[in-house]
Every structure is written in structure tokens, then in C-alpha cells.
Amino acid sequence: MRHFLTLADFSKEEILEILILAKTLKNEVKSGIYSNPLAHKTLGMIFEKNSTRTRVSFETGIYQLGGNGIFLSSNDTQLGRGEPIKDTARVLSSMVDLVMMRTHEHSRLEEFSAYSNVPVINGLSDDFHPMQLLADFMTMQECGKDKNPIVAYIGDGNNMAHSWLMLAAKLGFTLRIASPKNYEVSQKILQKAESFAKISGAKILLSENPQEAILGADVVTTDTWASMGQEEQKETRKKAFQDYCVDSKLMKLAKQDAIFLHCLPAYRGQEVSEEVLESAQSKIFQEAENRLHAQKGVMVWLHQNR
Ligand code: CP
Ligand code: NVA
């Protein structure tokens, strides 16, 4: 049985296999075909943080595959009142067939999966957001940006930056990350990515300079300056990141046909300008929709590979 906690757990071939499955499932739905590979299966969805896309895409996804999803908010469950993760994991996994968990410390997901008898999927932790990256790469494939691309990530060294590191390192493309001092990616995660990059040939470049990072890029991406759980740091972060807004002036340094991606929600006028978000280069809504298709691929794959 496999869990999906980070992209580090999967080989390049497996990632591409999941995306082929996702593409097939997307094409089927677009033609009105609904196969039911997960009929009578239940997905438990634990949310310890807010969500729009992750909840709706997982809930719709399991339903389209013939199964059923249960939304478990930490406000309503005993987990939110302090029931140990190891107990919740054993109880839930005796009843449901798959678990998706959105949480704070990544170690909570690791503990949950260690006690779970069914596959556990990371729907975002403080360290990683792998489901988002599958949707992002699927969008790059659809836009013809998946062959040796140069990806520029401008902003916080957060869960999204870490997930880009893992994707680049596994698939072997060039990733340039520009973050302000003190907001860089985790050294531990970087080292892990670099060990994979040695095998895949990925080029990972870190700097403090957004202009240098974006120059000639095929894909430009960013994320919020203050992630969930960092609300009280908003003002300090606004100051630290003021030179890291992806606006039209910065975007002009990328390739002329570069695409812009953002996991959303986006904060206009902060990490990205309204003009860039609403431009023809922006593929953010195609990217958001692909969450649904990519995660259907993940659920079917995990079920098939039990
Ligand atoms: N991108 C993303 O995960 O969105 P939600 O927080 O709305 O789920
Ligand atoms: N880095 C953001 C991503 C939201 C989808 C957060 O963790 O809040």
C-alpha cells in the first residue's frame, strides 16, 4: 500500500503514469463518460485548515469515480478536541478506503499514515502541497511547457516552493527560486531535492533576485506571502516581500510565450498584479480545474496499487 505525502515518495515514471490516468479521466468526463472505478469506496477528508479548491475537487472527484466523500472539519471532529492522531487514524481507516488530510506540521500526516490501514493523501501541510503540483504539471503539459522547461518561482520558500523543488528534482527540469533573505526554502528539503536532482539532471538555482530568476523562463509562478497559520506575520512579510511582486514589468523578462501559474487564492497587488493574473499568459483557472482531474488520477492509482 502506498501513501501520497510528498512527490519524493514517487518515481518520475509513477508521476507521469498518474498524469496519464488524469488525462484519460479528464477526457472521459469532457465526453460525458463516467466509469466507476471507485464504486462503493469512501474518501475521508480531514481539514485542519481552510480550503475551497482542495475540498471541492476531492469531493467532486470521488463522486465522479463512483464513490463517496466525507468532509471532516477539525471544528466538528474529536481530532479537533485532542483525540490522538494514532487513534483517529486506526478508527477512520477501518471504515473508509482512502484518506485525504490537510494539516499543519507535516509530521501529523506522517503519524496518521503510520497508523492508517488505507492510503493517505497530503492535501497540504506546512511543508508540502503535492496535489497542487500534479495539477500544475498537468497544466504545463496541456500548454506545451513540459519538455525541459525553465520554471521561475518568485516568493516565499514555503510548501509550494518545496513542492516545486521536489517536482523539478524528480522530473529533471530547471527551477529557479527567488526569495528574500530569511524566507528561503528549508535546507533539509533542498538537500533532499538535490540528491534526486543528481539522478534526474534537474538544475536548481536559488537567489534573492527575481529579475535573474525569471529571465527567459517558460513558466512563472508564485504564492501568497503569508500562508495559512502565518496570519500574524502578514505586515512584516509585506515589507520583506515588497520587491517580489510578479507584475507585467517583471513578467516581460520571461519568454514571450511564458505561462503564469498560481495555486490560488491570490492576493492581487501583493505577490502578483491584477494585470498578470488576468492576462492571456495566466492559466490559473485551467490549473485550478486540473486539481479535480489530477487527484482523480491519484485516487485511482493508489487504489490500483494497493
Ligand atoms: N490551491 C489550493 O489548495 O486551494 P484551497 O486552499 O482553496 O484548497
Ligand atoms: N502556501 C499557501 C498555499 C495555499 C493553497 C498556504 O499554505 O496557505
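Every residue gets a Cβ built from N, Cα and C, even glycine.
The carbamoyl phosphate binding site annotation in TrEMBL covers SER51, THR52, ARG53, THR54, GLN78, ARG102, HIS129, PRO130, MET131, GLN132, CYS263, LEU264, ARG291. In this view, SER51 (carbamoyl phosphate binding site) is surrounded by 17 other Cβ atoms within 10 Å of its Cβ, with every protein chain counted. The secondary structure of SER51 (carbamoyl phosphate binding site), as reduced to three states from DSSP, is coil rather than helix or strand.
According to TrEMBL, the L-ornithine binding site annotation covers ASN159, ASP223, SER227, MET228. The Cβ of MET228 (L-ornithine binding site) has LYS49, ASN50 as same-chain neighbours under 8 Å, each 6 or more residues away in sequence.
Note: the domain 'Aspartate/ornithine carbamoyltransferase carbamoyl-P binding' (2-142) comprises 69 helix, 21 strand, 51 coil (DSSP; helix = H, G, I, strand = E, B). The domain 'Aspartate/ornithine carbamoyltransferase carbamoyl-P binding' annotation in TrEMBL covers 2-142.
The domain 'Aspartate/ornithine carbamoyltransferase Asp/Orn-binding' feature in TrEMBL is assigned to 151-302.
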Distance in Å spanning the most remote Cα pair of SER51, THR52, ARG53, THR54, GLN78, ARG102, HIS129, PRO130, MET131, GLN132, CYS263, LEU264, ARG291, given for carbamoyl phosphate: 30
8 Å Cβ shell about ASN159, ASP223, SER227, MET228 centroid, L-ornithine site members excluded: LEU124, ASP126, HIS129, ASP156, ASN158, MET160, THR224, GLN230
Helix, strand or coil at ASN159 (L-ornithine binding site) [DSSP, three-state]: helix
Packing count at ARG291 (carbamoyl phosphate binding site) (other Cβ atoms within 10 Å of its Cβ): 25
In sequence order, those binding-site residues of SER51, ASP223, SER227 whose CB lies under 6 Å from ligand 1: SER51
Which binding-site residues sit within 10 Å of CYS263 (carbamoyl phosphate binding site) - Cα, from ASN159, ASP223, SER227: ASP223
